[in-house]
Amino acid sequence: MEVFDDFGRPCGKRFSVYVNCRQKFVQKSVVDRFRFYRSFSSSSVMNLALKNVTVVGSGLMGSGIAQVAAQTGHNVTLVDVSEPILEKAHSRIQKSLERVAKKKFSDNAQESEKFIKETLQKLKTTTSPSDSVKEADIVIEAIVENMKVKHELFKTLDKAAPKSTIFSSNTSSLSITEIASVTQRKDRFGGLHFFNPVPVMKLLEVIRTEETSDDTYNKLMNFGKELGKTTITCKDTPGFVVNRLLVPYMGEAVRMLERGDATARDIDTAMKLGAGYPMGPFELLDYVGLDTTLFILEGWHEKYPENPLFQPSEMLKKLVSEGKLGMKTGEGMAAISPVPRQHAYRDMPKTFAPLPATEI
């Protein structure tokens with residue numbers, strides 16, 4: 001999950017637990033990489049059902065979604081509030097494409113340049129949400145995690161887009177049903193929850209509300225496969241699948257520590273050696289960010305106060321109030337472990353590190 005100011009500017013909250021946890025152990029095989037990048041060949045995509053794609057919000061998630069859609073042969077329009085923001089997103093996409101091309105065409109500079117050029121030709125940008133959807137087959141919203149802002153956006157888009165256009169949201173913490181409530185196309189509305197970095201992570205959660213039609217659902221599933229993603233389906237429930245499991249897991253670990261059931265170090269060791277997890281819940285908290293985890297829990301607790309799994313612990317609140325947010329500040333759960341683990345921050349792979357505070 002990313003939280004953006006207005007239409008795409010990162011504003012201090014980010015949640016990509018699954019991404020960071022999975023990358024260390026999955027993103028390693030040369031053969032897998034080759035197959036993955038080969039799947040992005042636009043020439044292999046034919047008869048796309050949802051050819052014209054509008055992505056609203058050009059932050060890290062929005063630009064990643066736009067890149068993958070363009071790479072797989074879709075015509076993409078990327079929308080944000082200003083040209084400087086869009087220029088930054090375009091530059092980010094180009095640099096990402098250069099990395100893809102380097103792996104895909106390591107010995108062929110000409111093919112590499114052709115790949116980048118053809119992909120970028122599929123991408124255009126605009127600051128006008130209304131104009132961006134006039135010919136759109138599907139709209140993917142990736143803006144601030146704020147219901148009021150999303151409602152205002154979709155009211156505008158609903159008036160401008162053709163009746164046949166499918167709407168979707170990349171939210172990971174808000175109700176798809178509630179987001180869709182302000183539109184006249186509730187049957188053509190669903191969730192598409194991508195994981196960061198979008199060009200690399202294979203998973204796509206497709207969220208179906210009670211009003212999502214069979215036709216819309218099938219098109220969303222096929223669209224995900226066209227993007228080269230492994231799609232799963234989930235009802236419109238808090239956190240969907242991945243975040244619904246991982247956030248309460250981390251929250252309960254803090255409550256165990258709070259009760260004195262075990263030390264942070266022993267809880268981490270138990271989950272790594274006993275459950276086979278790549279890292280323990282406290283290590284995960286430090287990488288994700290304690291503030292981000294608290295932000296998610298408080299949002300869920302406000303809406304579902306009767307669910308004890310969504311109750312933020314006092315310890316978590318205290319650490320966040322003290323500015324101990326994890327890796328991004330150099331202090332977090334590691335700081336209260338009986339055996340100092342700060343060295344782990346230094347030794348972790350760069351792909352595992354959280355984003356700088358200005359980009360989270």
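The backbone N, Cα and C atoms fix where each Cβ goes, and this holds for glycine too.
Just so you know, TrEMBL annotations never went through curation; they're auto-generated.
As written in TrEMBL, here are the features:
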DOMAIN    52-237  domain '3-hydroxyacyl-CoA dehydrogenase NAD binding'
BINDING   GLY57, SER58, GLY59, LEU60, MET61, GLY62, ASP80, GLU145, LYS150, SER172, ASN196, LYS328  NAD(+) binding site
BINDING   SER96, LYS103, SER172  CoA binding site
SITE      HIS193  site 'Important for catalytic activity'
DOMAIN    239-334  domain '3-hydroxyacyl-CoA dehydrogenase C-terminal'
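Taking Cβ-Cβ distances under 8 Å and a sequence gap of 6 or more within the same chain, the neighbours of HIS193 (site 'Important for catalytic activity') are ASN170, THR171, SER172, LEU204, GLU205, VAL206, ILE207, PHE240.
Its own atom aside, the Cβ of MET61 (NAD(+) binding site) has 28 Cβ atoms within 10 angstroms in the protein chains shown.
With SER96, LYS103, SER172 listed as the residues that bind CoA, the site has a largest C-alpha separation of 31 Å.
The least crowded of the binding-site residues SER96, SER172, judged by other CB atoms within 10 A of its own CB, is SER96. Sorting the domain '3-hydroxyacyl-CoA dehydrogenase C-terminal' (239-334) by DSSP state (H, G, I as helix; E, B as strand; all else coil) yields 62 helix, 2 strand, 32 coil. Site extent for NAD(+): the farthest pair of Cα atoms among GLY57, SER58, GLY59, LEU60, MET61, GLY62, ASP80, GLU145, LYS150, SER172, ASN196, LYS328 sits 28 Å apart. Counting other CB atoms no more than 10 Å from each candidate's CB, the binding-site residues LYS103, LYS150 peak at LYS150.
Recorded residues SER96 (CoA binding site) and GLY59 (NAD(+) binding site) have their alpha carbons 14 Å apart, per Cα-Cα distance. In this structure, the C-alpha atom of LYS150 (NAD(+) binding site) lies 37 angstrom from that of LYS103 (CoA binding site). Annotation note: LYS150 (NAD(+) binding site) sits in a helical segment as assigned by DSSP.
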